[in-house]
Amino acid sequence: TLVGRDALRTQSGMEGDMDLQFLLQGGDLLKVRSSSWKKTRYFRLQEDCKTMWHESKKLFKSNPTCECFSLDDISAVRLGRQSEGLRKSTEEQVEGRCFSIMFKGRRKNLDLIASSEEEARQWVKSLEKMMYNRNNLSLHWIYTCLNKADKNKDDKMSQSEVKNFLRLINIEVDDVYTEMLFAKCDTSKSGYLSGAEIEHFYDLLTHREEIDVIYGEYAKTTGFMSPENLVDFLMKEQREKATLVDAHKIIEKYELDENAKGKKLLSKDGFLMYLHTPEALVYNSDHREVYQDMSHPLSHYFISSSHNTYLMEDQLKGPSSTEAYVRALLKGCRCVELDCWDGSDDEPVIYHGYTLTSKILFKDAIQAIKDHAFKTSDYPVILSLENHCSVEQQEVMARHMSSILGSALVTSPLCDGMPTNFPSPEELRGKFLIKGKRLNKLEATYVPEAAVADETDVSEEEESNDEDEDEQNVEEERKVGEGTDKLKLAKELSNMVIYCKSVHFNGFEDARQNLSFYEMSSFKEGKAMKLAEESANAYVRHNVEKLSRIYPAGSRTDSSNYNPVPLWNAGCQIVALNFQTACQDMDLNQGRFLVNGKSGYILKPAFMREEGAEFDPITLTRGDWLKHKTLHVMVISAQQLPKVNKKKSSIVDPLVKVQVFGVPADVAEKETPAVENNGFNPTWNENLQFDVYVPELALVRFAVEDHDSTSDNEFVGQYTLPFNSLKMGYRHVPLLNKNGDILPSARLFVHVMVLDAE
């Protein structure tokens with residue numbers, strides 16, 4: 001076969017692998033859509049080792065219907081009845097035979113039942129292994145395109161098939177160059193390429209001149225890199241502390257040529273292999289683990305937070321689902337919202353009130369949260385209750401939370417006596433906190449005379465006390481039917497609110513004098529942005545000891561988002577975004593919480609944690625926060641950028657934008673020119689320079705766009721990370737799609753340098 005299928009499998013370490021053989025052979029599975037729709041489907045992995053294929057058994061002979069999905073589209077494979085669909089549509093006795101394939105983006109889960117528990121485990125194990133190997137390979141993609149280009153399947157490539165192949169891999173080569181490349185490889189002068197000639201053709205295509213230059217600069221030992229040469233490269237270019245022991249480990253791990261490895265030398269292929277590893281990427285691999293001090297009070301951290309977590313799409317008619325909670329929690333979200341209303345049969349429901357969004361049971365949401373809360377992060381989850389229920393159904397809510405969450409639910413202060421500050425994320429590991437209204441102050445538990453009921457009863461998202469005019473009309477409709485009676489609060493639910501009591505915000509001075517540390521306000525984005533611009537330092541001080549939650553404007557019925565950065569600059573911890581909506585604002589959120597083990601908690605800089613903090617992100621007076629740096633980014637090249645337009649003849653014209661987000665003085669954006677018709681291996685060698693004054697709050701975003709001279713550029717991929725997590729030197733930058741999932745083969749190659757400004 002073309003470029004040896006077996007050779008590719010050998011390079012991927014999958015040759016003869018039993019799990020791969022199991023998937024290639026495939027088998028029957030019961031596909032579940034509802035309790036009444038369960039049908040047998042035949043599933044198997046296609047020869048490209050990338051695409052899962054399935055078809056209806058009964059239609060095999062006459063009119064088969066086939067469906068496919070790529071392993072790249074899978075976000076997770078879960079054993080057991082873990083999905084909402086399987087829990088509703090199957091009985092407990094089939095638990096061990098069930099598994100679900102969860103997809104990236106908004107695609108529905110695939111719920112399946114195997115014939116035995118052993119077979120279900122085999123499917124899950126095999127799929128997970130292939131998913132892991134897909135993320136470490138790009139060869140299969142090339143192989144698939146070569147096979148597609150070989151129209152007549154004769155294992156040879158004519159000149160027209162070569163052109164077709166180039167188009168498939170997103171590179172347009174003019175006829176003169178194609179003929180030259182073809183002639184160079186067609187050593188047999190037969191008019192087509194086969195076997196070793198195709199491999200030579202592939203080598204010429206994937207040749208990276210920039211790597212040749214860097215390698216040649218340091219390969220001083222008979223054309224190879226010695227351990228000493230490698231240490232030289234790591235220290236001079238990559239600015240890393242490296243020893244000969246480190247160099248030997250790299251050669252042992254990444255050198256493919258056994259002959260070179262035996263001589264303790266690193267070849268060019270081994271060098272390139274190393275540059276693609278996680279420890280050599282632009283993101284500091286030390287930050288993949290929890291590396292920050294987690295023993296500070298809760299108010300000293302930025303907390304990954306979701307708004308209307310139950311929604312899969314928009315806020316007017318989109319579906320509500322427990323799966324939306326699962327997805328947010330698995331992305332590291334630590335504050336989820338539950339919009340609670342009276343349901344039938346005395347069971348509270350969650351949905352977006354006075355809209356056509358579908359409903360889910362409160363108890364099902366709590367169960368899903370419990371099952372997935374601590375899979376990505378061990379640190380506490382805050383349940384933000386938007387409570388519209390009657391006292392009777394509030395009591396049901398309290399019972400469900402108590403019975404399902406059990407001892408993990410915080411129902412009294414962690415310390416003896418009345419607390420004076422928040423506990424830390426470390427002390428709250430594996431715990432759930434309730435954010436909501438409370439009938440009295442927490443102090444009343446310790447001082448009976450303080451037991452005075454609050455005067456006001458408001459819904460969570462009316463706490464900011466002054467609606468923006470343009471939002472009033474949108475909100476008005478939702479309030480019809482609420483009546484003028486105050487919401488009555490069930491004592492059982494009230495008593496569960498310990499560290500996050502919702503109160504009106506009546507100004508910073510009022511909060512300082514009259515509110516306890518655990519009393520917190522929610523701010524609509526417009527109000528919060530105004531405070532962050534006009535009273536930034538007061539906001540920073542307020543957020544040293546109290547929590548602030550920000551939520552999107554009511555007018556965002558399409559579940560769009562707002563820029564969270566100005567609110568983080570003001571020290572706001574719970575900046576809630578619509579996780580279900582892919583956009584630049586969510587890219588920034590994902591970048592902010594990429595580090596610290598994806599724990600969902602990021603320690604605020606010291607100058608935002610001290611009492612009487614003087615930091616003001618707007619005026620930027622002198623202080624510890626000013627650490628003026630110059631960021632130099634040379635955008636060198638990219639590899640295997642995906643097509644944006646699926647049309648056969650469409651090739652991307654990529655350009656790269658480098659953006660800095662942070663305090664207003666640091667916000668900047670610069671871009672390279674576009675490279676015409678080359679998504680496969682475009683080269684820029686473009687230098688971009690930025691001044692960064694408050695690096696501890698800055699984020700850097702690398703974005704690739706398809707240039708269009710007549711309309712807006714189209715998004716290709718992006719990667720966002722904190723400024724202080726950048727690594728210097730020659731680095732590959734992974735790229736994520738619009739949903740925040742990795743693009744398996746696509747990368748940028750850059751050189752990064754951070755210098756102290758004069």
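Note: Cβ is positioned from N, Cα and C throughout, glycine not excepted.
All TrEMBL annotations are machine predictions without curation.
If you check TrEMBL, you get these features:
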type     : residues                      : note
BINDING  : 31-58, K435, K437, S522, R549 : substrate binding site
BINDING  : I651, D653, N677              : Ca(2+) 4 binding site
BINDING  : D706, D708                    : Ca(2+) 5 binding site
DOMAIN   : 22-132                        : domain 'PH'
DOMAIN   : 137-172                       : domain 'EF-hand'
DOMAIN   : 493-609                       : domain 'PI-PLC Y-box'
DOMAIN   : 612-737                       : domain 'C2'
CARBOHYD : S188                          : O-linked glycosylation site
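Sequence features annotated in TrEMBL and their locations in the structure.
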{"residue": "K31", "record": "substrate binding site", "CB count, 10 Å": "16"}
{"residue": "S35", "record": "substrate binding site", "CB count, 10 Å": "11"}
{"residue": "F43", "record": "substrate binding site", "CB count, 10 Å": "20"}
{"residue": "E47", "record": "substrate binding site", "CB count, 10 Å": "13"}
{"residue": "T51", "record": "substrate binding site", "CB count, 10 Å": "17"}
{"residue": "E55", "record": "substrate binding site", "CB count, 10 Å": "16"}
{"residue": "S188", "record": "O-linked glycosylation site", "CB count, 10 Å": "12"}
{"residue": "I651", "record": "Ca(2+) 4 binding site", "CB count, 10 Å": "23"}
{"residue": "D653", "record": "Ca(2+) 4 binding site", "CB count, 10 Å": "21"}
{"residue": "D706", "record": "Ca(2+) 5 binding site", "CB count, 10 Å": "21"}
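When the binding-site residues K39, K435 are compared by the number of other CB atoms within 10 angstroms of each CB, K39 has the fewest. Per Cα geometry, E47 is the residue among the recorded positions K31, K39, E47, E55, S188 nearest to I651 (Ca(2+) 4 binding site). For F43 (substrate binding site) paired with D706 (Ca(2+) 5 binding site), the C-alpha to C-alpha distance reads 36 Å. Across the structure, K435 (substrate binding site) and D706 (Ca(2+) 5 binding site) are spaced 44 Å apart at their Cα atoms. Within 10 Å of the Cβ of D708 (Ca(2+) 5 binding site) there are 12 other Cβ atoms, across all protein chains. Relative to D708 (Ca(2+) 5 binding site), the binding-site residues S35, E47, E55 all have Cα atoms farther than 10 Å away. K31 (substrate binding site) sits 39 Å from D706 (Ca(2+) 5 binding site), taking the C-alpha atoms as the reference points. When Cα-Cα distances from D653 (Ca(2+) 4 binding site) are compared across the binding-site residues S35, E47, T51, E55, the shortest belongs to T51.
Not a single one of the recorded positions K39, E55, S188 has a C-alpha within 10 angstroms of the C-alpha of D706 (Ca(2+) 5 binding site).
K39 (substrate binding site) and N677 (Ca(2+) 4 binding site) are 45 Å apart (CA-CA, integer value).
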